[in-house]
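*Asks:* I grabbed these lines from TrEMBL:
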TRANSMEM  14-38  transmembrane segment
TRANSMEM  44-66  transmembrane segment
TRANSMEM  78-107  transmembrane segment
TRANSMEM  119-137  transmembrane segment
TRANSMEM  158-180  transmembrane segment
TRANSMEM  236-259  transmembrane segment
TRANSMEM  296-319  transmembrane segment
TRANSMEM  339-359  transmembrane segment
TRANSMEM  366-388  transmembrane segment
TRANSMEM  400-418  transmembrane segment
Amino acid sequence: MISLRNKSEFGKNVLTLFTGQVLSQGIPIIIAPLLARIYSPADFGVADVVMAIVSIIASVACGNYEQAILLPEDNKKGFLIAGAATILCSIVSGTVLLIVVLFRPILSSFVGLDSQSSYYLFFVPVIVWLVSLFMVLRYYNLRSQHYRLIAKAMTIKSIFLTGVQLLVGILKASPLGLLVGQLSSNVFSNKALLKTVKNHWKMYSNEISRTSILSLAIEYINFPKFSVPGTLANTLVLYLPSVFISKVFSLQLLGFIALTNRILNVPLNVIASAVGDAFMQKLSRLTNDTKSGRGFFLRIFGILSLVSAVAYIFGVFLLKPLIVFVFGNNWEYAGELGGIMLPLFAIRFICIPLSKVLIVFQKQRLFLYLTSVQLLILVSTFLVTYLAKLSFEGYFRVYIYAQFIFYCFYLFICFWVVNHKSRMKNNENLKNYKID
(Lines of atoms letter the chains of each structure in order from A; the text may use other names.)
(Lines give C-alpha, C1' and ligand atoms only; values in the text may rest on other atoms or scores of the structure.)
Protein backbone atom coordinates (compact mmCIF):
# COMPACT_ATOMS: atom_id res chain seq x y z
CA MET A 1 0.00 0.00 0.00
CA ILE A 2 1.07 3.57 -0.67
CA SER A 3 1.30 5.41 2.64
CA LEU A 4 -0.60 8.62 3.32
CA ARG A 5 2.74 10.35 3.71
CA ASN A 6 3.83 9.26 0.23
CA LYS A 7 0.49 10.33 -1.23
CA SER A 8 0.86 13.71 0.45
CA GLU A 9 4.43 14.02 -0.82
CA PHE A 10 3.38 13.24 -4.40
CA GLY A 11 0.54 15.77 -4.21
CA LYS A 12 2.90 18.40 -2.83
CA ASN A 13 5.40 17.78 -5.64
CA VAL A 14 2.67 18.02 -8.27
CA LEU A 15 1.37 21.24 -6.70
CA THR A 16 4.84 22.80 -6.71
CA LEU A 17 5.44 21.93 -10.36
CA PHE A 18 1.87 22.91 -11.19
CA THR A 19 2.37 26.34 -9.64
CA GLY A 20 5.51 26.88 -11.69
CA GLN A 21 3.74 25.74 -14.83
CA VAL A 22 0.75 28.02 -14.16
CA LEU A 23 3.04 31.03 -13.85
CA SER A 24 5.23 30.03 -16.80
CA GLN A 25 2.26 29.40 -19.09
CA GLY A 26 -0.03 32.08 -17.68
CA ILE A 27 2.33 34.96 -18.41
CA PRO A 28 2.60 34.21 -22.17
CA ILE A 29 -1.19 33.83 -22.40
CA ILE A 30 -1.70 37.20 -20.71
CA ILE A 31 0.80 38.85 -23.05
CA ALA A 32 -0.34 36.91 -26.16
CA PRO A 33 -3.07 39.44 -27.15
CA LEU A 34 -0.44 42.19 -27.24
CA LEU A 35 1.95 40.04 -29.27
CA ALA A 36 -0.87 39.14 -31.69
CA ARG A 37 -1.38 42.85 -32.38
CA ILE A 38 2.35 43.55 -32.77
CA TYR A 39 3.41 40.55 -34.86
CA SER A 40 1.69 39.29 -38.01
CA PRO A 41 0.61 35.66 -38.59
CA ALA A 42 3.53 35.40 -41.05
CA ASP A 43 5.98 36.48 -38.30
CA PHE A 44 4.61 33.75 -36.05
CA GLY A 45 4.88 31.35 -38.99
CA VAL A 46 8.59 32.02 -39.57
CA ALA A 47 9.38 31.72 -35.86
CA ASP A 48 7.35 28.51 -35.68
CA VAL A 49 9.35 26.94 -38.52
CA VAL A 50 12.66 27.81 -36.82
CA MET A 51 11.47 26.53 -33.43
CA ALA A 52 10.13 23.37 -35.08
CA ILE A 53 13.64 22.64 -36.37
CA VAL A 54 15.06 23.43 -32.92
CA SER A 55 12.58 21.11 -31.21
CA ILE A 56 13.30 18.23 -33.58
CA ILE A 57 17.06 18.43 -33.08
CA ALA A 58 17.00 19.25 -29.36
CA SER A 59 14.76 16.27 -28.63
CA VAL A 60 17.64 13.91 -29.46
CA ALA A 61 20.71 16.12 -28.99
CA CYS A 62 21.43 14.55 -25.58
CA GLY A 63 20.97 11.01 -26.84
CA ASN A 64 18.03 10.77 -24.41
CA TYR A 65 20.57 10.26 -21.63
CA GLU A 66 18.81 13.06 -19.73
CA GLN A 67 15.94 10.62 -19.08
CA ALA A 68 18.37 8.18 -17.48
CA ILE A 69 19.42 10.75 -14.88
CA LEU A 70 16.50 9.71 -12.64
CA LEU A 71 17.27 6.00 -12.64
CA PRO A 72 20.53 5.25 -10.73
CA GLU A 73 20.30 4.97 -6.94
CA ASP A 74 23.83 6.38 -6.65
CA ASN A 75 23.76 10.21 -6.88
CA LYS A 76 27.25 10.27 -8.35
CA LYS A 77 26.05 8.17 -11.30
CA GLY A 78 23.19 10.58 -11.88
CA PHE A 79 25.67 13.47 -11.95
CA LEU A 80 27.95 11.68 -14.41
CA ILE A 81 25.04 10.83 -16.73
CA ALA A 82 24.11 14.52 -16.73
CA GLY A 83 27.69 15.29 -17.73
CA ALA A 84 27.58 12.78 -20.57
CA ALA A 85 24.32 14.29 -21.85
CA THR A 86 25.79 17.81 -21.76
CA ILE A 87 28.89 16.77 -23.71
CA LEU A 88 26.79 15.05 -26.35
CA CYS A 89 24.42 17.99 -26.85
CA SER A 90 27.41 20.34 -27.23
CA ILE A 91 28.82 18.15 -30.01
CA VAL A 92 25.44 18.01 -31.76
CA SER A 93 24.95 21.79 -31.54
CA GLY A 94 28.39 22.44 -33.00
CA THR A 95 27.64 20.08 -35.88
CA VAL A 96 24.33 21.85 -36.56
CA LEU A 97 26.11 25.22 -36.67
CA LEU A 98 28.51 23.89 -39.30
CA ILE A 99 25.61 22.55 -41.38
CA VAL A 100 23.76 25.89 -41.24
CA VAL A 101 26.89 27.80 -42.31
CA LEU A 102 27.51 25.49 -45.27
CA PHE A 103 23.97 24.72 -46.45
CA ARG A 104 21.75 27.62 -45.31
CA PRO A 105 20.21 28.39 -48.76
CA ILE A 106 19.32 24.73 -49.35
CA LEU A 107 17.87 24.31 -45.86
CA SER A 108 15.76 27.47 -46.08
CA SER A 109 14.28 26.39 -49.40
CA PHE A 110 13.46 22.95 -48.01
CA VAL A 111 11.50 24.34 -45.02
CA GLY A 112 9.70 27.06 -46.99
CA LEU A 113 11.65 30.15 -45.89
CA ASP A 114 12.65 32.88 -48.35
CA SER A 115 16.22 34.13 -48.71
CA GLN A 116 15.72 36.99 -46.26
CA SER A 117 14.22 34.75 -43.58
CA SER A 118 16.95 32.14 -44.08
CA TYR A 119 19.29 34.07 -41.76
CA TYR A 120 17.04 33.18 -38.84
CA LEU A 121 18.36 29.62 -39.18
CA PHE A 122 21.50 30.77 -37.33
CA PHE A 123 19.38 30.80 -34.19
CA VAL A 124 18.92 27.04 -34.51
CA PRO A 125 22.26 25.69 -33.16
CA VAL A 126 22.38 28.18 -30.28
CA ILE A 127 18.82 27.55 -29.10
CA VAL A 128 19.28 23.79 -29.61
CA TRP A 129 22.18 23.83 -27.15
CA LEU A 130 20.28 25.97 -24.63
CA VAL A 131 17.09 23.88 -24.83
CA SER A 132 19.06 20.63 -24.52
CA LEU A 133 20.93 21.95 -21.51
CA PHE A 134 17.63 22.99 -19.93
CA MET A 135 16.33 19.42 -20.28
CA VAL A 136 19.47 18.02 -18.62
CA LEU A 137 19.29 20.50 -15.75
CA ARG A 138 15.55 19.96 -15.32
CA TYR A 139 15.90 16.19 -15.01
CA TYR A 140 18.85 16.57 -12.66
CA ASN A 141 16.84 18.86 -10.40
CA LEU A 142 13.93 16.41 -10.58
CA ARG A 143 16.28 13.71 -9.35
CA SER A 144 17.36 15.96 -6.49
CA GLN A 145 13.68 16.75 -5.81
CA HIS A 146 14.28 20.49 -6.15
CA TYR A 147 10.75 21.12 -7.35
CA ARG A 148 10.64 24.73 -6.20
CA LEU A 149 13.80 25.54 -8.12
CA ILE A 150 12.30 23.99 -11.27
CA ALA A 151 9.12 26.03 -10.78
CA LYS A 152 11.22 29.17 -10.31
CA ALA A 153 13.24 28.46 -13.47
CA MET A 154 10.08 27.94 -15.53
CA THR A 155 8.70 31.26 -14.29
CA ILE A 156 11.95 33.05 -15.14
CA LYS A 157 11.86 31.45 -18.59
CA SER A 158 8.36 32.75 -19.19
CA ILE A 159 9.11 36.27 -17.98
CA PHE A 160 12.12 36.69 -20.26
CA LEU A 161 10.34 35.03 -23.20
CA THR A 162 7.39 37.41 -23.20
CA GLY A 163 9.27 40.46 -21.95
CA VAL A 164 11.92 40.35 -24.67
CA GLN A 165 9.41 39.47 -27.40
CA LEU A 166 7.24 42.41 -26.37
CA LEU A 167 10.10 44.89 -26.06
CA VAL A 168 11.81 43.97 -29.35
CA GLY A 169 8.44 43.81 -31.12
CA ILE A 170 7.59 47.36 -30.06
CA LEU A 171 10.92 48.56 -31.47
CA LYS A 172 10.57 46.57 -34.71
CA ALA A 173 8.04 43.82 -35.37
CA SER A 174 9.67 40.86 -37.11
CA PRO A 175 10.41 37.18 -36.42
CA LEU A 176 13.68 38.40 -34.86
CA GLY A 177 11.88 39.54 -31.71
CA LEU A 178 10.12 36.21 -31.27
CA LEU A 179 13.38 34.28 -31.64
CA VAL A 180 15.49 36.56 -29.43
CA GLY A 181 12.83 36.03 -26.77
CA GLN A 182 13.24 32.26 -27.08
CA LEU A 183 17.02 32.53 -26.80
CA SER A 184 17.10 34.84 -23.78
CA SER A 185 14.44 32.85 -21.90
CA ASN A 186 16.55 29.70 -22.07
CA VAL A 187 19.72 31.51 -21.02
CA PHE A 188 18.25 32.83 -17.78
CA SER A 189 16.24 29.72 -16.89
CA ASN A 190 19.38 27.59 -17.27
CA LYS A 191 21.24 29.98 -15.01
CA ALA A 192 18.63 29.39 -12.28
CA LEU A 193 18.86 25.59 -12.55
CA LEU A 194 22.66 25.57 -12.43
CA LYS A 195 22.58 26.21 -8.68
CA THR A 196 22.11 22.50 -7.89
CA VAL A 197 24.87 21.46 -10.29
CA LYS A 198 27.31 23.95 -8.75
CA ASN A 199 26.70 22.50 -5.29
CA HIS A 200 27.15 18.91 -6.47
CA TRP A 201 30.18 19.79 -8.59
CA LYS A 202 32.17 20.32 -5.41
CA MET A 203 31.20 16.81 -4.25
CA TYR A 204 31.82 14.84 -7.45
CA SER A 205 34.28 16.84 -9.59
CA ASN A 206 37.28 14.81 -8.38
CA GLU A 207 35.62 11.56 -9.46
CA ILE A 208 34.80 12.67 -13.00
CA SER A 209 36.85 10.98 -15.70
CA ARG A 210 36.49 9.95 -19.31
CA THR A 211 36.35 6.30 -18.22
CA SER A 212 33.58 6.82 -15.65
CA ILE A 213 31.40 8.81 -18.06
CA LEU A 214 31.99 6.33 -20.87
CA SER A 215 31.15 3.33 -18.68
CA LEU A 216 27.82 4.89 -17.68
CA ALA A 217 27.10 5.82 -21.28
CA ILE A 218 27.54 2.15 -22.19
CA GLU A 219 25.46 0.99 -19.20
CA TYR A 220 22.51 3.10 -20.38
CA ILE A 221 23.15 2.61 -24.10
CA ASN A 222 19.53 1.54 -24.66
CA PHE A 223 18.45 5.17 -24.31
CA PRO A 224 20.31 6.41 -27.41
CA LYS A 225 20.00 3.02 -29.11
CA PHE A 226 16.22 2.71 -28.91
CA SER A 227 14.84 5.91 -27.36
CA VAL A 228 16.57 8.34 -29.75
CA PRO A 229 14.93 6.93 -32.89
CA GLY A 230 11.62 6.79 -31.04
CA THR A 231 11.96 10.30 -29.62
CA LEU A 232 13.01 11.63 -33.02
CA ALA A 233 10.01 9.99 -34.66
CA ASN A 234 7.74 11.39 -31.94
CA THR A 235 9.14 14.91 -32.33
CA LEU A 236 8.89 14.71 -36.11
CA VAL A 237 5.22 13.87 -35.68
CA LEU A 238 4.75 17.01 -33.59
CA TYR A 239 6.77 19.44 -35.70
CA LEU A 240 6.91 18.14 -39.28
CA PRO A 241 3.37 19.46 -39.87
CA SER A 242 4.76 22.98 -39.33
CA VAL A 243 7.36 22.45 -42.04
CA PHE A 244 4.79 20.78 -44.31
CA ILE A 245 2.28 23.64 -43.95
CA SER A 246 5.01 26.23 -44.52
CA LYS A 247 6.22 24.45 -47.65
CA VAL A 248 2.88 23.34 -49.19
CA PHE A 249 0.40 25.98 -47.98
CA SER A 250 1.60 29.26 -46.41
CA LEU A 251 3.40 30.82 -43.46
CA GLN A 252 0.24 32.79 -42.64
CA LEU A 253 -1.79 29.60 -42.12
CA LEU A 254 1.05 28.25 -40.01
CA GLY A 255 0.86 31.43 -37.93
CA PHE A 256 -2.81 30.78 -37.16
CA ILE A 257 -1.97 27.25 -36.03
CA ALA A 258 0.99 28.50 -33.96
CA LEU A 259 -1.30 30.79 -31.98
CA THR A 260 -3.92 28.08 -31.49
CA ASN A 261 -1.24 25.63 -30.37
CA ARG A 262 0.02 28.16 -27.85
CA ILE A 263 -3.45 28.38 -26.30
CA LEU A 264 -4.32 24.68 -26.35
CA ASN A 265 -0.88 23.67 -25.09
CA VAL A 266 -1.48 25.54 -21.84
CA PRO A 267 -3.33 22.68 -20.09
CA LEU A 268 -0.80 20.21 -21.53
CA ASN A 269 2.15 22.22 -20.26
CA VAL A 270 0.58 23.33 -16.99
CA ILE A 271 -1.19 20.22 -15.69
CA ALA A 272 -0.10 17.27 -17.81
CA SER A 273 3.59 18.17 -17.69
CA ALA A 274 3.59 18.76 -13.93
CA VAL A 275 1.69 15.51 -13.29
CA GLY A 276 3.91 13.64 -15.75
CA ASP A 277 7.15 14.72 -14.07
CA ALA A 278 5.97 13.87 -10.57
CA PHE A 279 4.27 10.69 -11.87
CA MET A 280 7.53 9.44 -13.40
CA GLN A 281 9.54 10.26 -10.27
CA LYS A 282 6.99 8.51 -8.04
CA LEU A 283 6.45 5.49 -10.29
CA SER A 284 10.21 4.94 -10.53
CA ARG A 285 10.17 4.44 -6.74
CA LEU A 286 7.29 1.93 -6.98
CA THR A 287 8.72 -0.37 -9.66
CA ASN A 288 9.25 -3.16 -7.14
CA ASP A 289 5.73 -2.81 -5.69
CA THR A 290 3.71 -3.50 -8.83
CA LYS A 291 0.34 -3.63 -7.08
CA SER A 292 0.82 -0.13 -5.70
CA GLY A 293 2.26 0.99 -9.04
CA ARG A 294 -0.77 -0.27 -10.97
CA GLY A 295 -3.21 1.34 -8.54
CA PHE A 296 -1.26 4.58 -8.73
CA PHE A 297 -1.39 4.48 -12.55
CA LEU A 298 -5.16 3.90 -12.61
CA ARG A 299 -5.81 6.67 -10.13
CA ILE A 300 -3.85 9.22 -12.17
CA PHE A 301 -5.63 8.01 -15.33
CA GLY A 302 -9.02 8.66 -13.72
CA ILE A 303 -8.08 12.16 -12.62
CA LEU A 304 -6.64 13.12 -16.01
CA SER A 305 -9.67 11.72 -17.86
CA LEU A 306 -12.09 13.74 -15.74
CA VAL A 307 -10.15 16.98 -16.18
CA SER A 308 -9.78 16.36 -19.92
CA ALA A 309 -13.51 15.73 -20.40
CA VAL A 310 -14.50 18.91 -18.56
CA ALA A 311 -11.94 21.00 -20.47
CA TYR A 312 -13.12 19.56 -23.80
CA ILE A 313 -16.76 20.47 -23.12
CA PHE A 314 -15.83 24.04 -22.21
CA GLY A 315 -13.56 24.29 -25.27
CA VAL A 316 -16.29 23.26 -27.70
CA PHE A 317 -18.47 26.19 -26.67
CA LEU A 318 -15.97 28.86 -25.64
CA LEU A 319 -12.72 28.48 -27.62
CA LYS A 320 -13.62 30.32 -30.85
CA PRO A 321 -15.51 33.22 -29.21
CA LEU A 322 -12.68 33.58 -26.69
CA ILE A 323 -9.99 33.78 -29.38
CA VAL A 324 -11.96 36.39 -31.34
CA PHE A 325 -12.64 38.44 -28.20
CA VAL A 326 -9.06 38.36 -26.93
CA PHE A 327 -7.02 38.49 -30.14
CA GLY A 328 -9.35 40.29 -32.53
CA ASN A 329 -11.29 39.42 -35.67
CA ASN A 330 -8.08 38.94 -37.67
CA TRP A 331 -7.51 35.72 -35.72
CA GLU A 332 -11.01 34.26 -36.13
CA TYR A 333 -9.73 31.44 -38.34
CA ALA A 334 -7.42 30.37 -35.51
CA GLY A 335 -10.54 29.76 -33.43
CA GLU A 336 -12.05 27.56 -36.15
CA LEU A 337 -8.85 25.52 -36.33
CA GLY A 338 -8.85 25.21 -32.55
CA GLY A 339 -12.27 23.59 -32.63
CA ILE A 340 -10.93 20.93 -34.99
CA MET A 341 -7.88 20.35 -32.77
CA LEU A 342 -9.75 19.89 -29.47
CA PRO A 343 -10.19 16.06 -29.61
CA LEU A 344 -6.47 15.53 -30.23
CA PHE A 345 -5.44 17.76 -27.34
CA ALA A 346 -7.96 16.07 -25.05
CA ILE A 347 -6.49 12.59 -25.60
CA ARG A 348 -2.90 13.88 -25.49
CA PHE A 349 -3.64 15.49 -22.13
CA ILE A 350 -4.31 11.99 -20.78
CA CYS A 351 -1.72 10.05 -22.74
CA ILE A 352 1.41 12.19 -22.41
CA PRO A 353 1.83 11.95 -18.59
CA LEU A 354 0.92 8.24 -18.52
CA SER A 355 3.33 7.42 -21.35
CA LYS A 356 6.14 7.98 -18.83
CA VAL A 357 5.64 4.30 -17.87
CA LEU A 358 7.67 3.40 -20.97
CA ILE A 359 10.61 5.34 -19.53
CA VAL A 360 10.25 4.00 -15.99
CA PHE A 361 10.05 0.37 -17.14
CA GLN A 362 12.76 1.01 -19.77
CA LYS A 363 10.58 -0.04 -22.72
CA GLN A 364 12.71 1.84 -25.23
CA ARG A 365 12.19 -0.72 -27.98
CA LEU A 366 8.40 -0.57 -27.60
CA PHE A 367 8.55 3.23 -27.63
CA LEU A 368 10.50 3.05 -30.88
CA TYR A 369 7.90 0.78 -32.49
CA LEU A 370 5.01 3.00 -31.39
CA THR A 371 6.52 6.25 -32.59
CA SER A 372 7.58 4.65 -35.87
CA VAL A 373 3.95 3.71 -36.47
CA GLN A 374 2.90 7.25 -35.59
CA LEU A 375 5.42 8.74 -38.01
CA LEU A 376 4.23 6.36 -40.73
CA ILE A 377 0.67 7.57 -40.15
CA LEU A 378 1.84 11.18 -40.46
CA VAL A 379 3.72 10.56 -43.72
CA SER A 380 0.64 8.76 -45.05
CA THR A 381 -1.37 11.88 -44.22
CA PHE A 382 1.04 13.98 -46.28
CA LEU A 383 0.76 11.54 -49.19
CA VAL A 384 -3.04 11.51 -49.05
CA THR A 385 -3.04 15.32 -49.07
CA TYR A 386 -0.76 15.43 -52.10
CA LEU A 387 -2.42 12.67 -54.12
CA ALA A 388 -6.00 13.71 -53.37
CA LYS A 389 -5.10 17.41 -53.72
CA LEU A 390 -6.82 18.21 -50.45
CA SER A 391 -7.42 21.75 -49.31
CA PHE A 392 -5.70 22.96 -46.17
CA GLU A 393 -8.77 22.26 -44.02
CA GLY A 394 -9.17 18.82 -45.58
CA TYR A 395 -5.56 17.97 -44.78
CA PHE A 396 -5.92 19.33 -41.27
CA ARG A 397 -8.97 17.21 -40.44
CA VAL A 398 -7.33 14.03 -41.75
CA TYR A 399 -4.22 14.79 -39.71
CA ILE A 400 -6.14 15.44 -36.46
CA TYR A 401 -8.39 12.37 -36.70
CA ALA A 402 -5.53 10.02 -37.61
CA GLN A 403 -3.44 11.22 -34.66
CA PHE A 404 -6.41 10.95 -32.30
CA ILE A 405 -6.89 7.27 -33.17
CA PHE A 406 -3.18 6.62 -32.66
CA TYR A 407 -3.12 8.20 -29.18
CA CYS A 408 -6.08 6.03 -28.14
CA PHE A 409 -4.02 2.98 -29.15
CA TYR A 410 -0.95 4.40 -27.36
CA LEU A 411 -2.95 4.75 -24.15
CA PHE A 412 -4.06 1.12 -24.41
CA ILE A 413 -0.42 0.03 -24.73
CA CYS A 414 0.49 1.97 -21.56
CA PHE A 415 -2.24 0.05 -19.71
CA TRP A 416 -0.86 -3.21 -21.09
CA VAL A 417 2.70 -2.43 -19.95
CA VAL A 418 1.61 -1.76 -16.36
CA ASN A 419 -0.59 -4.87 -16.19
CA HIS A 420 2.05 -7.07 -17.81
CA LYS A 421 4.67 -5.88 -15.34
CA SER A 422 2.27 -6.60 -12.47
CA ARG A 423 1.54 -10.15 -13.67
CA MET A 424 5.24 -10.92 -14.11
CA LYS A 425 6.02 -9.70 -10.60
CA ASN A 426 3.12 -11.68 -9.10
CA ASN A 427 4.29 -14.87 -10.84
CA GLU A 428 7.81 -14.29 -9.58
CA ASN A 429 6.56 -13.83 -6.01
CA LEU A 430 4.43 -16.99 -6.30
CA LYS A 431 7.45 -19.04 -7.41
CA ASN A 432 9.52 -17.70 -4.54
CA TYR A 433 6.71 -18.56 -2.11
CA LYS A 434 6.52 -22.16 -3.38
CA ILE A 435 10.28 -22.55 -3.10
CA ASP A 436 10.19 -21.31 0.49
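Using N, Cα and C of the backbone, Cβ positions are placed for all residues, glycine too.
Predicted automatically and left uncurated, TrEMBL annotations should be read as such.
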*Asks:* Same chain only, please: residues at least 6 beyond the ends of the transmembrane segment (119-137) with a C-beta under 8 Å from a C-beta of the stretch. Say none if there are none.
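*Replies:* 46-47, 50-51, 53-55, 57-58, 61-62, 66, 69, 82, 85-86, 89-90, 92-94, 96-97, 100, 104, 107-108, 113, 153, 157, 175-176, 179, 182-183, 186-187, 189-190, 193-194, 196-197.
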*Asks:* Which listed range (44-66, 236-259, 296-319, 339-359, 366-388) shows the maximal number of Cβ pairs under 8 Å with respect to the transmembrane segment (78-107)?
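*Replies:* Per the Cβ count, the answer is 44-66.
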*Asks:* Would you say the transmembrane segment (366-388) and the transmembrane segment (236-259) are in contact under the rule of three or more C-beta pairs closer than 8 Å, pairs 6 or more apart in sequence?
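*Replies:* Contact criterion met.
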*Asks:* At a C-beta cut-off of under 8 Å, are there same-chain residues at least 6 beyond the transmembrane segment (366-388) that contact it? List them, or none.
*Replies:* 226-227, 229-231, 233-234, 236-237, 240-241, 244, 248, 358-359, 394-395, 398-399, 402-403, 406, 410, 413, 417
